[in-house]
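Reviewing the structure listed below.
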Amino acid sequence: MTGSDSKKPPQGSAPAQRRLRRTVALVGMMGSGKTAVGKALAARLGAQFLDSDAAIEEAAKATIPEIFARDGESFFRDREAEVIARLLSGPPVVLSTGGGAFMADRNREAIARAGVALWLDADLDTLWERVRHKDSRPLLRTSDPKGTLAEIYERRVPVYRLAGLHVRSEPGCSVEETASRALSVLATRPDILESP
Ligand SMILES: Nc1ncnc2c1ncn2[C@@H]1O[C@H](COP(=O)(O)OP(=O)(O)OP(=O)(O)O)[C@@H](O)[C@H]1O
Ligand SMILES: O=C(O)C1=C[C@@H](O)[C@@H](O)[C@H](O)C1
Ligand SMILES: [Mg+2]
């Protein structure tokens, strides 16, 4: 083997993993795939995956619907902001946020200080197909959940557009494919993801 060959990875080995320099926070509507795609993205990066909804439930020892029912939405939003600040205070991670988290100035500012927000952008029909069979989202417990989802969508999309990075979550695209798209978008940001 020549000196220059010895610097190359062995043939057939996986390409070297790129290091996450700063945190990537996935933001977007409920059902956009923040949890599912966030996990896949973290696995691809060899990075830690955190989920603010899961962390709130763990700290409260209660489910999100239970917290909403017992303490109300504004209590939930305060706990959410505390948890997000805590999860952003450590080393760089992939953080999936709750669907409403990016609406709050305090969370947008905290995310910008720690890294970058990546908006997972799915259309309304796709979102509805993904959330309609589950009863775990208290904001959709109305007499017209589809109409409520549409109202929330219209109100929030202008704020999600403020995210530094944008990835479409297409209906025909698997979780892994969407994670690959997210990876390509991150590759345009060497301040966030180390260059090869
Ligand atoms: N790209 C995708 N292709 C197929 N199914 C997906 C995709 N993204 C998400 N899903 C499915 O849609 C459902 C909702 O996704 P997920 O829970 O990840 O959304 P979320 O953005 O984390 O929602 P929430 O804000 O309520 O936490 C899950 O069952 C997930 O497997
Ligand atoms: O869109 C929202 O406001 C929410 C989405 C979920 O991730 C949870 O954070 C909670 O159900 C509220
Ligand atoms: Mg989630």
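Cβ atoms are placed via backbone N, Cα and C, with glycine included.
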In TrEMBL, the residues Gly31, Ser32, Gly33, Lys34, Thr35, Ala36 are said to bind ATP. Which of Arg137, Arg141, Arg155 is said to bind at that same site?
-> Arg137
TrEMBL substrate site partner of Asp53, Arg77, Arg156, selected from Gly99, Gly115 = Gly99
Neighbouring binding-site residues, C-alpha within 10 angstroms of Gly31 (ATP binding site) - of Asp53, Gly99, Arg156 = Gly99
Close binding-site residues near Ser32 (ATP binding site), where close means Cα within 10 Å, chosen from Asp53, Arg77, Gly99, Arg156 | Gly99
Give the number of CB atoms, excluding that of Arg137 (ATP binding site) itself, located within 10 Å of its CB.
-> 19
Cα-Cα separation of Asp53 (substrate binding site) and Gly33 (ATP binding site), in Å?
-> 13
Rounding to whole Å, the Cα atoms of Lys34 (ATP binding site) and Gly99 (substrate binding site) are apart by 8
